[in-house]
Each structure stands twice: as C-alpha cells, then as structure tokens.
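Peer 1: Quick paste from Swiss-Prot:
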| type | residues | note |
| --- | --- | --- |
| ACT_SITE | Cys404 | active site |
| BINDING | 46-47, Gln124, 170-172, Glu190, Arg195, 236-237, 257-261, 267-268, Tyr316, Gly486 | NAD(+) binding site |
Amino acid sequence: MSRKVRAPRGTDLHCKGWQQEGPMRMLMNNLDPEVAEKPEELIVYGGSGKAARNWEAFDAIVKSLQELEDDETLLVQSGKPVGVFKTHSQAPRVLIANSLLVPSWADWDQFRELEKQGLTMYGQMTAGSWIYIGTQGILQGTYETFGAAADKHYNGDLSGKFVLTAGLGGMGGAQPLAVTMNNGVVLCVEVDRERIERRIDYQYLDKMAENLDEALELVDEAVSEKKPLSIGLLGNAASIYPELVKRGRIPDMVTDQTSAHDILNGYVPADLDFPYALELRHQDPEKYMKLSKSSIAKHVEAMLEFQKQGAIVFDYGNNIRQQAYIEGITKAFDFPGFVPAYIRPQFCEGKGPFRWVALSGDPEDIYRTDRLILEEFSDNEHLCRWIKMAGEQVSFQGLPSRICWLGYGERARFGKLINDLVAKGEIKAPIVIGRDHLDCGSVASPNRETEGMKDGSDAIADWPILNALINTAAGAHWVSVHHGGGVGIGYSLHAGIVVMADGSKDAEERLERVLTSDPGTGIIRHVDAGYELAKKTASEQGVNIPMWS
C-alpha cells in the first residue's frame, strides 16, 4: 500500500517554530497527491524529479526538522539529511545540494549508476528544493512566453491562431491554459491518458480527443470562430507531428514540452503501446533509449519542416534540440529557444517567477494577497490582469498558492507588505515566498536560460553559485543548488531560495535582504553580459556594480 503525504493545515506547530515548520510543510506539499506526478515514488514532476531520495530519507528529514533549533542548520545532500550544525538565528534553517557531479562525470550514464547505488537523486528544480506548487508554478511563465510570442508575431493576440505542442506533465500541463489565456487555440499531444484527464480535472485543459481527425475538427471550428480552446490529443508527438506535416496541416506556432531531457525516464518513444513502453524502460533500458533517440530525431525533423513551411517554432526548454543534434539532426538548433526569443528582456529587468504559498491551507489567505497586488500595484495593468485571470481560472493543488512575475524592487516591496498582513492577523499563518530556479540570475543553462548570451558567456556557471551564496548570507530560510534541472544532467546548474513572511521583525529584515539580492544577481549577470536594458535597470535602481558605471 503506497503512502499518502499531505502538509498539515492551520496554525498548530509540529516543529519548534515556523522556520522549521515551513520547510517541513513544503516538503510534504511537494508529495501531496494533488501536487506530485508520482507521489508513491517520491517523484514530483519533470520525468524523475524527486523531493527526497527514498522514504527512509524523507522520514529522517521530517524528524530532523521537528527537532531543529532556531540557531541550527540542516544539510541535505541529494534528498538525504546528512548533518545538523549550530549556526545562528538569522542563518538558513536548511541548505540543500541536489544531483551535483564533477563536470567530467556529469552525464546521465554516470548519474544513473550512482543513483542505482543510492548515492544521489534527481532534484529537477523545485522538486528537490521543496517549493513546487503544481502546474500553476509554471503557468505565468508560460503565459508570458506565449504572450511575448503573440506580441512579436501576431500584434499581441493569439485569437484565431493554431498552436501545436506536446507534453502535459507537471510543466507542460500549463501550456493549454496559458494559450487560451492569450485567446489562442492549442492542440496538446500527450501519450498518457491519465495526464490528459488530470489537466481537465484541474481546469487547465478543455477537451480530450481520441484521434487526430477528431482533434483537427475541434481546432478548425475554434480557429474559424476565433474562440479560445485547448484540446488534449491522446497520441505520441513523434507520430502526430510528422503526420501533420504529411497532411500539409501547418500550425501557426509550434513548440514542445515532452520530457526529452530524460530519454529513459521521461520521453516515450513512438509506435509503442504506452503500458509496454513503461515495462520496456525497466526490462531493456538500452533498447528503450535507442528508440527514444530515434523518435526525438523524427519529432525535431517535423518541427524543422513546420518552420520551413512558415510556422513560428521554438524550443521550450526541454533540450529536445540537443538530443536530436546528438542523433544526427544537424539543423536542430535552427529554431530558437524560448528565452532568447521571448523572455530575456524581462530577465534584464530582474523579473522572474515569484511564488507564494499559504501555510495555513486557507484559500482566503491567497485571495487576500491577490487583493494586495491589485491595491498596491494598480498602475501595472499587465500584472493586475494576470492576477484577476489567475483568481478566476486557476485551481489550487495542495496548499493554496499564487505565482506572478515581479521585478527588482517589486519583490522586496511585496514581501514586506505580506509580512505586515501576517503581523496584523489579516493572514492566518506565515506565507512562504520562493521562485522557480528558472529566474534572471540563478541559472546557467546554455540550451535554455543562458542560450545565446550577448558576450558568449552561456556556459559560465559562477552566477548560480554566487546567487546561492549571497542568498545564504542574506538569510533565506532555505537555499538550494541543483544540477540538470529542465534540460537534464550535464546541461545546467541552478539555485533556489525560499524565505518566509511570519510577521516578525526578523522576517522583515530577511525579506528585504533576500528579495533584493536575489533578483539583483540577475541584473548584474545581464549587465556583465552587455545588455543595455540591464544597464538601464541597474542605473535606475541603484544596483552597485564595481566595474561598471
């Protein structure tokens, strides 16, 4: 019988204080059946991204947090608690390192062998750092991406446009709602029926189609009426994409969010019955990976053909181009990644995916923060529109939460305002504030966040380490450094932070420091790379950068 984990609700503590209760509840929330993709295996999202190495380690982490003092710090090594040290009251309560390998050993083969020996785990980004909030966690970023694409190519609106994509897992599941929020029509190919049904249950997806003909009828009707609609097609992208090319059905926009970063535990090859594919993963992994590579090559060839015939095509951060390139598709990088194509200007302003979670479990606490945004940021029409749409259309998974993109200065201001509401009792329990590792200054990923940097610094990995170090010094409640998130082992290093608003003076000081230094590293990283918008932001915000003026 599989274990079911759910974070406690309310104000009763199970630890010695909220500084310990917060990470404990968020670890548990990552494994809530409403949140995690495979909670019985400790897998949260992203193929095999886990919250803890095994159930024994999970129990030991919980016990350690329950016993942790206010001047101690717990160390977690790839999902396993390995030490508790006396530090001080304003230090982080938890420091996490996940999936890190010495560079020459940093590939999937080495990683899987070490994982098999029980020595490591794959933490993805927010799985092993205990700040995953379900599909909403990537929703605004996806909304912003499709919105930026609409601005660039279609005068700011996807009305009457046919968007093709694939993958409805924890990350890809945000795509259908993000497209319809931008008024488009989207066909999402997904091989797993349960994932399609899950997205419908949580109102991220409108309809399911059993075959391509049925799906295209729905697409054509919605496009002709310029009516937003999302359709989940049960099928394999490596079969459906080439079939659409063969039929001459060229979408307006094409991307993909299958788990191509992991050709064993993520991607599913074409022409295999889904249950059999899952068996083959374990029975003959080498054969499975060979089939995955072949399917990815066909998948990307079809995307290139769509581009050749006039579609807007972009990589959505799953490293599918790299996998295809390795398999001999030499033009795989002819279509761009989403960050250089659409998102980098926001990074230059210190903007990124800012999220917060109500530890009380009461949705009213999140609704109060929604009103706070509308009250205090009323001059930001784009942000207010997002908050209103999220309030109307986003279903909570696990502990109630919200996400929006805020920039340098805005994050610290909002953090203080939330802390004030907790202090006044207008919010019932502390609010946890964190972000995705996909942020302006916290990641080095040459095929994704740092692709095509102006100065050629795509692979420079000092920046996420500096981000983690300054946020530790600034007093984030927990800080994490990971390897391989999003694009797979060997292709990225990245850092995460979480800081809590518990209404105290201590929290106010931490929030001011952390929510300034964290986006600040994004500004300095982009100034250093020569981006004029980042220089303008640094000048306006008074960011201290020694060798630049």
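Every residue gets a Cβ built from N, Cα and C, even glycine.
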Peer 1: So of all those binding-site residues, Gly46, Gly170, Ala237, Tyr267, which one's Cα sits nearest to Cys404 (active site)?
Peer 2: Gly170
Peer 1: Have a look around Tyr267 (NAD(+) binding site) and count the other CB atoms within 10 A of its CB, chains all included.
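Peer 2: Tyr267 (NAD(+) binding site): 29 neighbouring Cβ atoms within 10 Å.
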Peer 1: Tell me which residues of the chain lie with their Cβ under 8 angstroms from that of Ala237 (NAD(+) binding site), as long as they are six or more apart in sequence?
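Peer 2: Looking at Cβ-Cβ distances below 8 Å from Ala237 (NAD(+) binding site), excluding near sequence neighbours, one finds Ala166, Gly167, Val189, Val191, Asp256, Thr258, His299.
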Peer 1: Just going by other Cβ atoms within 10 Å, which of the binding-site residues Gly46, Gly170, Gly486 has the emptiest spot?
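Peer 2: Per-residue Cβ counts within 10 Å for the binding-site residues Gly46, Gly170, Gly486 bottom out at Gly486.
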Peer 1: Measure the Cβ-based neighbour count of Ser259 (NAD(+) binding site), defined as the other Cβ atoms within 10 Å of its Cβ.
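Peer 2: The answer is 26 other Cβ atoms.
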Peer 1: These are the recorded positions: Glu190, Cys404. Which one scores highest on other Cβ atoms within 10 Å?
Peer 2: Glu190
